[in-house]
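Heads up: the structure comes next, in C-alpha cells.
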Amino acid sequence: MIPNGYLMFEDENFIESSVAKLNALRKSGQFCDVRLQVCGHEMLAHRAVLACCSPYLFEIFNSDSDPHGVSHVKLDDLNPEAVEVLLNYAYTAQLKADKELVKDVYSAAKKLKMDRVKQVCGDYLLSRMDVTSCISYRNFASCMGDSRLLNKVDAYIQEHLLQISEEEEFLKLPRLKLEVMLEDNVCLPSNGKLYTKVINWVQRSIWENGDSLEELMEEVQTLYYSADHKLLDGNPLDGQAEVFGSDDDHIQFVQKKPPRENGHKQISGSSTGCLSSPNASMQSPKHEWKIVASEKTSNNTYLCLAVLDSTFCVIFLHGRNSPQSSPTSTPKLSKSLSFEMQPDELLEKPMSPMQYARSGLGTAEMNGKLIAAGGYNREECLRTVECYDPHTDHWSFLAPMRTPRARFQMAVLMGQLYVVGGSNGHSDDLSCGEMYDPNIDDWTPVPELRTNRCNAGVCALNGKLYIVGGSDPYGQKGLKNCDVFDPVTKSWTSCAPLNIRRHQSAVCELGGYLYIIGGAESWNCLNTVERYNPENNTWTLIAPMNVARRGAGVAVLDGKLFVGGGFDGSHAISCVEMYDPTRNEWKMMGNMTSPRSNAGITTVGNTIYAVGGFDGNEFLNTVEVYNPQSNEWSPYTKIFQF
C-alpha cells in the first residue's frame with residue numbers, strides 16, 4: 001500500500017546500468033583514484049568499489065595517509081590476468097576465467113581476502129578433479145593452506161587410491177619402501193595402527209638418529225614385527241633392534257647410532273610444490289605428518305599416501321615371514337606397486353597413429369581424451385570419430401557423425417561436442433550442425449546456421465557457441481559475419497562482424513576473450529589477429545603473428561596461445577609461435593617434427609597435441625606432442641610398463 005502523498009518508484013534497471021557504467025569508467029580511466037601495479041602492469045580502479053570487495057585493499061586504503069589522493073598498491077606476486085578477472089568481478093559481479101587461469105585467480109582472491117571468489121574457484125577445481133590430476137590439486141591446496149579444499153581432495157584420494165596408484169603423477173612421487181619381517185603366525189595390524197607405528201619410526205629416525213627423509217628413501221628399509229605387536233628397527237638376530245610401538249602405540253626407543261651432524265635434505269620432485277600455480281606464496285605447514293589414504297592391496301602388502309615432515313609421498317610396505325624365510329616366498333607385487341618401480345622406468349615408443357589419415361578435421365578435448373572427428377583424405381570425406389587416451393596411447397572409435405564433414409572446427413559446450421558447417425565433399429557450404437552426447441554415444445542435429453559457411457572458426461565462450469568468419473559458397477572469399485548459438489534457447493543470433501574478412505583461421509578462447517588468428521582473406525594468407533570482447537561486442541586488432549598462415553591450429557597452455565603449422569601461400573609449414581596476452585607479443589617457438597596444414601591442435605591435460613593434417617605430399621594420421629620444458633615437439637610418448 002502506497003502512503004498517501006508519497007511517490008515511490010523502483011528502477012529495476014538502475015543497478016545493472018550503474019554497474020556497467022562504473023566498469024566503463026574504470027576501463028577508460030575516468031575518476032579512478034587507485035593504481036594497482038601488478039608485475040609491471042598498471043591497472044586503474046576506484047577505491048570505493050575495491051574496498052567493498054576486498055578486505056585486504058580496504059585495510060590498505062583505510063590506512064592511507066592521503067585519502068584524497070591517488071593510492072598506489074603493489075601486487076607483484078600475482079598474475080595480472082587473474083587480477084583483471086577480479087577487477088571485472090568487483091564491478092560486474094560476474095566471475096569469468098579461462099580454466100587454465102583459475103588457480104591464479106584463486107591465489108589472487110586469497111591474497112585480496114575475497115573469500116567468496118576463493119571458494120567458487122576451489123569448487124570449480126574440485127569439479128574438474130580426476131584420478132590423473134588429484135595429486136597436483138592436493139599440492140596446490142596444501143600450498144594455499146586451504147583446509148577445506150585439502151580435506152575434500154583427501155576424501156577423493158581415499159576413495160580412489162588404487163586407481164590413482166596407476167597414474168603418472170603418483171609414480172613420480174617420492175617413495176619410502178619398507179619390508180617388515182614377521183614372526184611365524186603373526187599378521188600385521190590394521191592400516192591405521194600399522195602406519196601410526198611407521199610414522200613414529202620415521203620421526204625417530206629423523207629427529208633422534210639424524211637420518212634425512214631422502215636417505216631413508218634411498219633403499220628398502222627392513223623392520224621386524226614381533227609376536228607382542230612391537231615394530232623393531234633392524235634385524236633382531238643382530239641384537240641391535242629398536243622398538244617402535246607396542247599394543248598401545250606408545251613409542252619405546254633405544255638409540256642405536258649417534259645423531260648425524262648434517263642437516264635434513266629437501267626431497268626433490270613434486271612432493272610439496274604448488275605445481276600449477278607459480279604465483280602462489282603459501283607454503284605447506286612445517287613438520288606436517290599425516291596419513292592421507294591407505295589400502296591393503298594383497299596379503300601383507302600395503303600402499304599408503306602420507307605427508308612425512310611436510311613431504312607428500314608414497315609408503316610401500318610389504319610383510320613377509322621371518323628373516324630366515326627364503327626371499328622367493330615374497331608375494332609378487334604388481335609393477336606399479338613394487339619397490340622396483342621408479343618414475344624413470346618408462347617405455348619410449350612412437351605415438352599410436354589414428355586409424356584414418358585426416359586433414360581439415362575437428363579436434364577437441366573432452367573428459368581428458370583427445371577427440372578427432374571427420375576431415376578428408378585422398379579417398380573420401382569422413383564421418384568417423386576417433387578418441388585418444390593419453391594414458392594408454394590408444395585410439396578407439398566413437399559413434400560416427402550423421403554427415404561426412406571436413407574443413408570445420410569443433411568445440412565442447414556444457415560437456416557436449418558441437419560441429420557446425422564445413423564441407424561434405426560435394427557441397428562447400430554446409431549449414432547443418434550436430435551435437436555429440438558422450439552419455440549415450442550418439443549425435444543429434446542442432447539448428448541450422450544463419451549463413452552457410454565452410455572453413456569457419458568455432459569456439460565456446462561463456463556458455464555459448466560462436467562461429468566466426470569462414471568462406472562463401474564459392475570458397476574464394478572470406479566472411480566477416482559472426483553468429484552465436486545459445487544452447488538454452490537453441491537459437492542462433494548475430495554478433496559484431498570481424499574487422500577483416502577471413503577463412504581457414506585458428507580460433508580459441510583465452511581469459512574470457514575469443515581470438516581469431518591468421519587465415520586468408522581470399523587466398524592471400526594473413527598474419528593479423530583479432531580479439532573479441534563479449535562484454536561490449538567488439539573485435540579489436542592486436543599484435544600480428546610473425547608468419548602469415550592459413551589452416552593453422554591453435555591451443556592454450558599456461559595462459560598463452562600456441563599457433564602451429566598451416567600453409568604460408570606456397571608450402572605446408574611446421575613453425576610454431578606463442579602469444580603472451582600480458583605482453584601482447586608473439587614469439588617463435590620450436591618447430592613441429594612435420595609440416596602440417598589443416599591439422600588439429602589441442603591441449604589435453606597439460607600437453608599440446610598435433611594430429612593429422614597434410615604435409616604437402618601426404619595426408620597424415622600421425623600424432624606429436626609439445627614439451628614446454630625443452631621447447632621441442634616429439635612423435636614419441638613415454639608410458640609405464642606394468
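We number each residue from 1, going along the chain as drawn.
A Cβ is built for glycine as well, from the same backbone N, Cα and C atoms used for every other residue.
Here Swiss-Prot flags 32-99 as domain 'BTB', drawing on sequence analysis.
Per Swiss-Prot, the feature domain 'BACK' maps to 134-233.
Residues annotated as phosphoserine in Swiss-Prot: SER246 (among others).
Look at Swiss-Prot and you will find 265-281 tagged as compositional bias 'Polar residues'.
If you look up Swiss-Prot, you'll see SER277 (among others) marked as phosphoserine.
What Swiss-Prot lists as phosphoserine is SER322 (among others).
Annotation comment: Swiss-Prot describes SER336 (among others) as phosphoserine.
What Swiss-Prot records for SER338 (among others) is phosphoserine.
In terms of DSSP helix, strand and coil, the repeat 'Kelch 3' (465-512) has 0 helix, 24 strand, 24 coil. The repeat 'Kelch 3' annotation in Swiss-Prot covers 465-512.
According to Swiss-Prot, the feature repeat 'Kelch 4' maps to 513-559.
Within the repeat 'Kelch 4' (513-559), the DSSP-based counts of helix, strand and coil residues read 0 helix, 23 strand, 24 coil. When DSSP labels each residue, the domain 'BACK' (134-233) comes out as 53 helix, 16 strand, 31 coil, counted as helix, strand and coil in that order.
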